[in-house]
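Going by TrEMBL, these are the annotated features:
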type     : residues                                               : note
ACT_SITE : Cys78                                                  : active site, nucleophile
ACT_SITE : His165                                                 : active site
ACT_SITE : Glu167                                                 : active site
DOMAIN   : 192-384                                                : domain 'GMPS ATP-PPase'
BINDING  : Ser219, Gly220, Gly221, Val222, Asp223, Ser224, Ser225 : ATP binding site
Amino acid sequence: MIVVIDFGSQYNQLIARRVREQKVYCQIEPPDIEIKQLQDLNPEGIILSGGPASIYEKNSPKVSEAIFDLGIPVLGICYGMQFMVHALGGNVSKAHKREYGFARLRIQNPDPLMEGIEESARCWMSHGDAITELPEGFVTTAVTENTAMAAVADYKRQFYGLQFHPEVEHTPGGKQMLKNFLFSVCGCTAGWTMKSFAKNAVAEIRNAVGDKQVILGLSGGVDSSVAAMLIHQAIGRQLTCIFVDNGLLRQDEGARLKKLFGQHLKMNIDYVNAGKQFTDALKGVTDPEKKRKIIGKVFMDVFEAEARKIKDAEFLAQGTLYPDIIESQSAFGGPTSIIKSHHNVGGLPKKMKLKLIEPLKFLFKDEVRKLGKTLGLPEELVWRQPFPGPGLAIRIIGEVTRKRLSVLRKVDAILLEEIRAAGYYKKVWQSFAVLLPIKSVGVMGDKRTYENIVALRAVTSVDAMTADWAKLPHKLLGTISNRIINEVNGVNRVVYDISSKPPSTIEWE
Ligand code: XMP
């Protein structure tokens, strides 16, 4: 395995992804990791990531210099390389010219890292400091027009440094360099697959749980579904999945999930039909944040009441993913401004004193999808679009009533059916409908109508932090609109949302 020390680069998750793509397991650790902890991980190589700081800044991040005495190969990238050079007795100073963007590499010395890299390959630079003097034992292996020491190496100690970023697409040879580091320098073997991950995880879960009971809140989303599959494989019916149907789900969703997990996958499903509790609590509420808070609270109450019924429950399982862990452990903070209170209820009140099991906490989203596939989760669930915890309640602008829920459900089902049929379900990040609180005049037959308006929303995105409105074909939009107006009583107008995030958000509330 490889350890990446996180010096705060925006690319550090990308480094981990690149390593894992080579079927080598990789973990990101903060710079303040204890040397003993690091040794216990038994890494075959260490990568020091880039970062925004300058090595001479007072509070610049530092990892224990004892890592250079472990006899483990080290690859320093950008700030990581400057840290290494500085720690080993070299010199780093402000570059004459800040370098940002493409540069051409000229390889000067044959180097295992540069094996197979074209002469004058492009690389991506982003730095204000540069090395001015190398530590003893190091040589320059490549230069660029502006950077005299763009790549450096100490072959004897197996230390390598790159001033540019091999992990980004803009460095076409970067993938090869990382491969060279993993396989030629560190001697890793490519054996980490989702199958091997699942095998280990199953053994670990069995070991941790023993004969106790585990509770999991199943939402039907990809993460909780895959976590449930994995844990079920490990401990079978010692796992109880509590599935709270809040009455705010899409058409037939509750029944479908119950059937799939309960009958088809033979899991222990505790299905709670709590729709009335939620709609009662939402009566008269129009404020989006109030809706979220109420839904979060009712969920907690219902979930806790169910959980208390399960005897010998000692563990609570959650589908936490790696980016959440990295962000919370990072000394440099993740996205901090909360625009909407995404409650994503997972935790039970502390008084229940359940121990946490988070079997996906080292996986990225696409790895979770692969794992789901490996475990035999149906395609439709593996590729399910994200669906917010408060469900359709935040897609009904204004008060949520049973009647309005029923209208939106029908509209939403038509939209999804057509999006799927046209092959756009996987191409867009999310696609859904929003029921507006205003009415408009229409004409049907010879009669004047005065009915609801729905807005269709489809966006493309990689992580929901930013999103672009999806350029769906006009013909498809036309078909969806026609079907909605013809088939759903109470809707006489359909509009398409053409705003991107930012400044809009994906959901309307
Ligand atoms: P926004 O609307 O903030 O949404 O651009 C970003 C992503 O988060 C989802 N979302 C939520 N998910 N609880 C959730 O579990 C919520 O309250 C919530 N609000 C928004 C949204 O669907 C999108 O994927």
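In case you wondered, yes, glycine gets a Cβ from its N, Cα and C as well.
Features recorded in TrEMBL, as mapped to the structure shown.
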residue: Cys78; record: active site, nucleophile; CB count, 10 Å: 25
residue: His165; record: active site; CB count, 10 Å: 24
residue: Glu167; record: active site; CB count, 10 Å: 28
residue: Ser219; record: ATP binding site; CB count, 10 Å: 24
residue: Gly220; record: ATP binding site; CB count, 10 Å: 20
residue: Gly221; record: ATP binding site; CB count, 10 Å: 18
residue: Val222; record: ATP binding site; CB count, 10 Å: 24
residue: Asp223; record: ATP binding site; CB count, 10 Å: 21
residue: Ser224; record: ATP binding site; CB count, 10 Å: 20
residue: Ser225; record: ATP binding site; CB count, 10 Å: 27
Gly220 (ATP binding site) to the residue listed as 'active site, nucleophile' - Cα separation in whole Å: 42
Contacting recorded positions for ligand 1, chosen from His165, Ser219, Gly220, Val222, Ser224 when the Cβ sits under 6 angstroms of any of its atoms: none
Residue among recorded positions Cys78, Ser219, Gly221, Asp223, Ser224 with Cα closest to the Cα of Glu167 (active site): Cys78
Closest of His165, Gly221, Val222 to Cys78 (active site, nucleophile), Cα positions, recorded positions only: His165
Between His165 (active site) and Gly221 (ATP binding site): CA-CA distance (Å): 35
Pairwise CA distance, Ser224 (ATP binding site) versus His165 (active site), rounded so that it is a whole Å: 35
Distance from His165 (active site) back to Ser225 (ATP binding site), taken between C-alpha atoms, in Å: 36
Residues flanking the ATP site, with Cβ no more than 8 Å from the Cβ centroid of Ser219, Gly220, Gly221, Val222, Asp223, Ser224, Ser225 and excluding those residues themselves: Leu218, Val226, Ala227, Gly319, Leu381, Arg384
Rounded inter-Cα distance in Å - Ser219 (ATP binding site), His165 (active site): 39
Cα distance (Å, whole number) from Asp223 (ATP binding site) to His165 (active site): 31
